[in-house]
Each structure stands twice: as structure tokens, then as C-alpha cells.
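Residues or ranges marked as substrate binding site in TrEMBL: 35, 36, 37, 38, 91, 92, 93, 94, 105, 106, 107, 108, 132. Summarising the annotation, TrEMBL assigns active site, proton acceptor to 114.
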Ligand code: ABF
């Protein structure tokens with residue numbers, strides 16, 4: 001009797017989109033390398049192509065972790081200023097709004113460098129499993145704000161005045177706040193998001209906020225689900 005196929009895990013779905021995304025990379029491209037577990041799978045898949053096919057590319061990492069992994073995988077790296085133009089950025093997300101393809105990112109605390117690299121790429125592609133696609137942003141996921149440590153109390157006060165529910169992100173197991181690759185703190189905030197682009201600007205207008213995790217721009221989302229073919233969401 002044929003064996004019943006076991007259900008795919010979340011990691012299987014992430015791998016499926018990571019493999020699909022690695023096929024988008026062509027010779028001589030400069031690639032923005034996202035952070036997080038799905039992006040890590042993409043980096044590994046891309047590393048295999050670099051070694052096996054002698055693919056000639058450069059990567060621009062969005063975090064220290066992405067930089068370390070990409071170098072271990074044999075992907076040549078350049079800094080953003082050396083890169084000049086980024087052809088394609090591939091990154092993960094915590095939530096994708098189905099109708100608009102707006103995102104919440106930064107669950108891993110890297111959204112500032114991610115946004116700089118993702119937004120300046122000619123094409124920005126997001127990789128998620130289907131559990132991350134939601135009808136409206138921010139109902140179950142807080143928006144992370146990267147904040148200058150010097151200004152954390154004034155940012156908290158402003159967020160409270162805006163009737164939001166902010167909390168300083170602390171590191172599991174260790175005492176004290178999470179510190180980003182840029183030496184800043186993270187404040188997570190539950191806030192109503194009617195229009196992503198408007199809220200993105202509003203949160204960045206708070207003095208002391210370096211960048212927030214609402215991404216109102218993205219070109220394409222690859223969604224891993226149980227069907228064989230990866231679903232592609234485009235605007
Ligand atoms: C990064 O990784 C973040 O912006 C986002 O928070 C996270 C998604 O992580 P994962 O792929 O591990 O679910 O892209």
C-alpha cells in the first residue's frame with residue numbers, strides 16, 4: 001500500500017519558497033540578502049548555486065547574521081556603498097497584508113538595515129509561509145521601532161500619548177534590552193494600521209525613532225503552501 005504523505009512543516013514551506021527565490025537570481029546580479037530563518041534558507045540555496053554553477057554575483061547583507069552565513073556559504077559580499085545598485089533583494093516578513101502586500105518586519109530586530117537595502121533594490125521579493133498572510137496588518141503582530149537608547153523614555157511617552165501599547169524588547173535569558181546591530185533598542189508597539197504608508201511615516205516622525213518595521217512597499221510575495229507550486233502575490 002502506498003504510504004500516506006505526511007503534512008509539510010513550516011520549515012518545508014519556507015524551504016520551498018527559498019528554493020523558488022534562488023531561481024530568480026541571474027549571473028552578475030547584486031543581491032540584497034535578508035535576515036531571519038526563511039532568508040537564511042535562501043542564502044544557503046544561493047550559496048549552493050554559487051559553488052555548483054559558478055554563478056557570478058555579489059551579496060549585500062542586511063544584518064551581521066546574514067553576513068556571517070553568506071560568507072560561510074561562499075557568497076562574495078560587498079557593502080551597500082560599494083554595491084551602488086541592488087538588482088534584487090530577497091527577505092522574510094512577519095506579516096503580509098493580502099490585499100496591499102504591505103508588511104510588518106523586524107521580529108528579528110534587523111528591520112532598519114533591511115528597509116534600506118530592500119527599498120533601494122530594483123526588485124524586492126518577500127518569502128513567507130502561508131501562516132504569515134493576513135487580512136489586515138498589526139492585529140496579532142506588534143510593529144517594532146528601532147530607537148536611540150538615549151531617547152527611549154521620550155519615545156515611550158509619545159507612543160502612550162498616541163494610545164498605543166508599547167513595550168521595550170528584552171533579550172530572552174539575559175538581563176536588559178535587545179540591542180540591534182546598529183547599537184539601538186527596540187520598542188514593540190501594538191497600533192491600529194489603517195493605511196500602512198501613513199502609519200509608516202507617522203511612526204518615523206517620532207523624534208528618537210530610527211526606523212519602524214512597517215514596509216508599505218514590496219514588489220512580489222512568494223507564499224509557501226501545501227500545493228506543489230509556490231503562490232505568487234503581486235500588486
Ligand atoms: C526578517 O526575518 C525580519 O524582518 C522578520 O522579522 C523575520 C522573519 O523571520 P522568519 O523568516 O524567521 O520567520 O526578515
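Glycine residues also receive a Cβ, built from the backbone N, Cα and C atoms like all the rest.
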For substrate: widest Cα to Cα gap among 35, 36, 37, 38, 91, 92, 93, 94, 105, 106, 107, 108, 132 in Å: 16
Binding-site residues whose CB lies under 6 angstroms from ligand 1, from 91, 107, 132: 91, 107
Those binding-site residues listed as 35, 37, and which of them has the most Cβ atoms within 10 Å of its own Cβ: 35
Cβ-centroid neighbours of substrate site 35, 36, 37, 38, 91, 92, 93, 94, 105, 106, 107, 108, 132, 8 Å, sequence order: 34, 39
Secondary structure of residue 91 (substrate binding site) (DSSP, helix/strand/coil): strand
Other C-beta atoms that fall within 10 angstroms of the C-beta of residue 93 (substrate binding site): 29
Nearest-integer angstrom distance between the alpha carbons (Cα) of residue 35 (substrate binding site) and the residue listed as 'active site, proton acceptor': 8
Alpha-carbon distance [the residue listed as 'active site, proton acceptor'; residue 107 (substrate binding site)] in Å: 12
Between residue 114 (active site, proton acceptor) and residue 37 (substrate binding site), the C-alpha gap once rounded to whole angstrom: 14
